[in-house]
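Taken verbatim from TrEMBL:
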{"type": "TRANSMEM", "residues": "210-232", "note": "transmembrane segment"}
{"type": "TRANSMEM", "residues": "295-315", "note": "transmembrane segment"}
{"type": "TRANSMEM", "residues": "387-409", "note": "transmembrane segment"}
{"type": "TRANSMEM", "residues": "432-456", "note": "transmembrane segment"}
{"type": "TRANSMEM", "residues": "468-491", "note": "transmembrane segment"}
{"type": "DOMAIN", "residues": "502-608", "note": "domain 'TMC'"}
{"type": "TRANSMEM", "residues": "511-537", "note": "transmembrane segment"}
{"type": "TRANSMEM", "residues": "558-589", "note": "transmembrane segment"}
{"type": "TRANSMEM", "residues": "609-630", "note": "transmembrane segment"}
{"type": "TRANSMEM", "residues": "685-702", "note": "transmembrane segment"}
Amino acid sequence: SSASVRILACMPSRTIGRSRGAIISQYYNRTARLRRQSSRPPLQQLSRTARPSLRQYDLETDPAVATLEDKRSLLVKELLSLSPSQRSHMLLTVPLSLAEKRILRWELSGHRSLLRQHTQHRAHSSPCGGSKDAIALVSLGGSAQQLLGALLQVLAPVLPQATSSQGCRGLWYRFLSLLAAVQPWHYALKQIGGRFGSSVLSYFLFLKTLLMFNIFSFLILVVFVVALQAAYPPTSASPQPFTGLELLTGAGYFTHSLLYYGFYSNITLNDPCASGPNGSVCPLAAPLLPYNMPLAYLFSIAVSFLLTFVLLVYSMSHSFGKSYRVGRSTGDLAVKVFCAWDFTVIQRRSVRLQCENICTQLKELLAEQRSCSRSLSLCQRLGHCTVLLLAWALSLSTVLGCVLAVHYFSEHMHTVQQEHQARGGGMRQQEAILLVLPLMVSLLNTLMPYMYNLLAMWEKQDSPVARVYVAICRNLILKMVVLGLLCYQWLSRRVVCSTEECWETCVGQELYRFVVMDFIFTLLDTFFGELVWRLVLEKKLKRKQRPEFDIARNVLELIYGQTLTWLGILFAPLLPAVQTLKLLLLFYIKKTSLMQNWQSPSKPWQASHMSTVFITLLCFPSFLGAAIFLSYTIWSVQPSENCGPFRGLETIYKSGNTWIQVLEKSNPNITWVAWIHQHLVENTFLLFFMSGVLLAAIYFNIQVVRGQRKIILLLKEQIANEGEDKVFLIQKLHSVYEQRER
């Protein structure tokens, strides 16, 4: 009614009944006050025409300025004097219609073009201000060589004589935007996310994260271990001829190379003491940097694992902060509809990509709201639980069967290998025997996920998220149990390895074969399981609907390959390089297969927590299991006596103690190093204390998050009560108006 409209117009939080001119006048005065607070040049530096500033007038009280166009033009002039961030914030907060804001933006763009033409002749006095336009022009197109050339031309006069802080800040922001555009696979990831949604995109983001981890570990090992050992190669046996089969088996030519543990020496590189006929001769001048290879080998692997763990924890906490944000609105369609478009996108390809991305995200939000509104009866829940129990019993029984099959088959192949060595068979037959066990394990890892998919079809999970999580759990249990069995067998058979090789080299070769065979079966599955199946559906069965991308199976393949790499980093220091090459090829193969053979999910769902789950699975079952295996090997297992950097020691850990003793005897002034090693490294109290502090910090953060959630609930209740108070107030005022009218 008209009375309610009048009451709403009088409320301070509403702008009903106010004209556009009044709103523009109010924001003009607010802009003027903002300019008064900012730093301005003194009056003597201004020209006489600019001294009588318009900021001294109040538009709401000045009768001379009455038209809407005059108020708009004055507001545009005041907005032009603000910084870009303040100007955009003011345009966002002004309560005007979109058409009125569009008019203001057009006028602002017209004024900025005129100002740019007038200030071109002053580019030499303000180099940073002119550099922003140069960066903007270069960023629109051109090759990488032209881009770098323009950047060098822009930065050359800026660096020695930069005087405009605002222009330099704008240059820095432009440079950051260019860095974001040159990220690896930037457009490819946007294309995947726009076409297939966040669920499929999470797989490729996870692959990119694994690639960064492997590059990081590879650089540490190459700089501190591999490169220095290559510069000082040990005197080893003559290498065998390269036949090409070594790319599959990792043996033969690769056995005595930088790829494996047995090639690395146990001496101090660049040692001044040379052994001669009269014994060790040491010159008076010591070398600048003697390098202890056993210590460098151990500490490089330890530092690589420690920094990888830090990066994993940081990635997991960052992902938790984005996925389980406190007070995060789930399914906020209004924000996605009105605030999702990026108005800086002007290229046709980017516009089409952004349209697809927003459309897919809206489908995911709607599907999430629809799934939350469904409810089942008691009988349906009991039947569904019975089916789930039977499916889990079948899946666990298949895991047990696969583990027993791998165990007995491994024992049989080990016996066959010993018999072949005793008969003195050929090298090619021996290397072919070595490939049988990785072939069988990779075959099981490829076929079992399809069986789990049949169980998922029988279960008929309504939620796609639950279906993916169940498939991940089943595949993860299978792969981790098989890997645990293989690790036990590798350590229990270390004494029966060939006398010419280290048992560490044998384990490294085995892990190399598993990594290579896993990649080969991934390629075969991509070709036969994806391409051929899609052709059969289209050509023979005449079906237009393509299959959907299996996220659980592909993610578990990545976690399995990364676990193999972490297990073998002690026995094959260059294994991260092999994994890096594998991930690079895998990204382009999977992307091509995704675009050609798969369709977008038939039930769109929002994978907001999917990246967090992937990082968590990578950290705890995968990284933690590899760390436990390597820690046991370093602390408890005796290394080989004839080869490797730790030959002749009881355990690998003893190399640190030996180095501390030698350091203490050679220089008594640095006994504090031995004290630190004894009380901080060997003492377990520090480890327990740090673990207690970490658990206390986690508990404290959990309690803080719970308190914030309670406060948010109270604030939401308070907002609801205030809304009810407004309704009550409007009803009372409405009754008062009706009584007055009567």
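For all residues, glycine too, the Cβ spot is worked out from N, Cα and C.
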Distant-in-sequence neighbours of the transmembrane segment (609-630), which means Cβ under 8 A and at least six residues beyond its ends: 198-199, 202, 205-206, 209-210, 301, 305, 308-309, 312-313, 315-316, 319-320, 322-324, 465, 468-469, 472, 476, 480, 483-484, 487, 551, 555, 559, 562-563, 566-567, 569-570
Seg_contact(the transmembrane segment (511-537), the transmembrane segment (468-491)) with at least 3 CB pairs under 8 angstroms, min sep 6: no
Two-stretch contact, the transmembrane segment (558-589) and the transmembrane segment (387-409), at least three Cβ pairs under 8 Å: no
Sequence-remote partners of the transmembrane segment (468-491) [C-beta within less than 8 Å, at least six residues beyond its ends]: 199, 395-396, 398-399, 402-403, 406-407, 410, 441, 444-445, 448-449, 452-453, 455-456, 459, 461, 507, 510, 550-553, 555-556, 559-560, 563-564, 567, 610, 613, 617, 621-622, 625, 629, 632-633, 637
Intrachain residues whose Cβ lies under 8 Å of the transmembrane segment (685-702), provided they are six or more past its termini: 679
Within the domain 'TMC' (502-608), residues counted as helix, strand or coil by DSSP: 79 helix, 2 strand, 26 coil
